[in-house]
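As recorded in Swiss-Prot, the features of this protein are as follows:
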- 1-22: signal peptide (SIGNAL)
- 292-315: repeat 'LRR 10' (REPEAT)
- 412-435: repeat 'LRR 15' (REPEAT)
- 460-483: repeat 'LRR 17' (REPEAT)
- 738: phosphotyrosine (MOD_RES)
- 775: phosphotyrosine (MOD_RES)
- 831: phosphotyrosine (MOD_RES)
- 838: phosphotyrosine (MOD_RES)
């Protein structure tokens, strides 16, 4: 029987063999056609060696091509070849045996449709389309049962996330990072099917809702990244079942709440943990700090309490510890860093106390040491002098005592040393001359004594030097004039004596020079007038002799007050009641008398002529009388100038007429004034005291407070902060002279229809405003809080670059009782942070909230308070009701803007939502906002910065460490 059927088996085998050969032959014949299609539609040097028209060509030798034994293509890897153009459709119709398709890091046409045919590749195991920047919807992957690797990161996919992926049970690597244009979607319970998955990378891809408990079934996971999404609720304790996990990234999910699960401490292979910028509460589990392989622990910007577990000090692997902006108490582990290769430590803005850890840089690798704004006590350990790798050393605003170690001041790579606001004593170490890379040195408000060492001049990269409010004595070293990059020199509030060195005139980059409240004697060097721009304060010293004429004409006379032996030189052409005229030698007096007679005669003749003209021009008498009034009122003004600008103060006063009014605001009336030089300035006449019966003493107090604020504003130098030229003050009126902004303010541009701002311009405005506020918050000490961020206080120059205006003025005007558009506090309804409305206490996070409202204005085109939001609604509440669906998100966007901008606008909206969180600690800092907005730069826009890496590597640290503590 078997022999009888044998011929049929032979025939069947022969048929199948020939069929396979025929199929292979047919497929092999189709392959050249697809290579020709690729050659014709893709462009790049890498394909120049593809000779597709030669009949004898072996395609298997082409770049990126691999074949099996029958010559059938199995791998097509064109990654990183800088190709452009269109990838042809139907790749698997031509390559049916294809196992690997990698097209990552190319510049393919965004509208390419080839992706829709990919599910036909039933044998495909590895699909990589990362950083191709494709658009459109994603296909159904359910038929691709062989798929092991899928990487669709850094694209612009829209529509629904393909949940069918979670049925591909052989999947090992899943990456959809940075797809912010997808619809909001929730991680399904079916994720538990992916038991072979080692990498789940779903950062910034519109995930929302809770993290499912079933995620605990993915026991093969090595890397779990869900950062930058809208996840909410508590972190499930089942994550503690992921025994192979090495990296856990959940940061920037600001609706995550609850405590950190103790069970995470079960993950003995875990190396990196980042759950920053969320709403976590409770303490840091000891079990986490005891993990044997922990390298990175970042939990900053939460509401964590309690002490830092002592077990963290025993770690042998810890490199980066970032816990800033929490409510942590107690002491740092005393042995922190003694056994581990620490690179960065930032525990700033907590309530930590006790001594600083002595051996934190024992490994010799520490780059960043930041412990600002805590309650640390004791001295700075001598061992810190051996931290030769340090780049930033910031211990400001603590309770440190003792002397400054020589070694700390001679660190060869350090760029910032910040010791301000402590109780440090002793001299400035001479070793400061060895800090060749030092750019910023802050030592203000300590008890430092001795002299300023001349070795300081060796630190030629210094840009900022603040030694104010100490007990320094002796002369100002002439060698300071060698610090040619210096733009801030503050020595105020010491016991410095001798004369002001002429060499200071070499500091051509200087913006701020404050030598006030010392014991300086002698004359003021005439050549100091060469410093441009100038903000000078020499008040409260023992200076004598004439004030340089150029400084008088620059309106800087007030900067020399409380120097009773100073005088006004006759050549100044005017006198100031605060200073006497300088006495002239006898010979010059006689000559002066002759000149006085000649001038008197000239004035008499001129008076006769004027009288005649007035008789003939009686119709202009009212105007002339007004001029006389202005002229007389001029002498009642105090004038303070902050920049060199050529104008006669009388010009300003004469131009304050109705026809020059360009706007009214909560703080006053704004005039456009064209000077004789042709330059145009803006003059803001601040609202005067509303209570006319107020005591003169009260008025003087308020004016003094305003003057203090204005002098601070006048010292500011930043491209996104409006330049304040001058300030006029009297008991009844205050004038601010600003640079003129020809395109008005942002409110008018957005809401009055004067101009159409495309998204790219709006984004530019948002970044500029954020950079200006970041400067006020993070680059000044102490920080300046604006208190009244709103679109009317954002001015636009000729190129629509934004300039922040009116910062610091609001709180003084509130005391005057006249700011009609503000609430009881400084600030404007619709822009006020919720906690400010309750507590009346302004913080930098209040400014962040107000900026978030402005950003929403830019994105939606709507006003902060509008009837379209319904009863008791504002723009923040309205947006919060729309973000649960993709349709809702689209509905919030300004309909006047092009469809192509929607994705970029949604990216920016995510930033605005973070800024307007009701919990202040959840809001990012303005430095972080700048980075977030730069990351959201419209496609094709300027390359403002490189993309941040999504993981912490050995060679880098968090954005906060590298960018925000400046």
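Just so it is clear, glycine is given a Cβ too, placed from its N, Cα and C backbone atoms.
Known features from Swiss-Prot, placed on the structure.
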residue : record          : DSSP class
738     : phosphotyrosine : strand
775     : phosphotyrosine : helix
831     : phosphotyrosine : coil
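Residues 415, 420, 428, 436-454, 489-507, 514-515, 520, 781 of the same chain lie 6+ residues outside the repeat 'LRR 17' (460-483) yet bring a C-beta within less than 8 angstroms of a C-beta in it.
Counting only the Cα atoms, the space from residue 775 (phosphotyrosine) to residue 738 (phosphotyrosine) is about 19 angstrom. You'll find the Cα of residue 831 (phosphotyrosine) roughly 24 Å from the Cα of residue 738 (phosphotyrosine). Applying an 8 A CB threshold to same-chain residues 6+ apart, the list for residue 738 (phosphotyrosine) reads 681, 682, 683, 684, 722, 723, 724, 725, 805.
Residue counts of the repeat 'LRR 15' (412-435) by helix, strand and coil are 5 helix, 7 strand, 12 coil (DSSP-based). Most other Cβ atoms within 10 A: among the modified residues 775, 831, that distinction falls to 831.
Taken as a whole, the repeat 'LRR 17' (460-483) shows an average pLDDT of 95 in this prediction.
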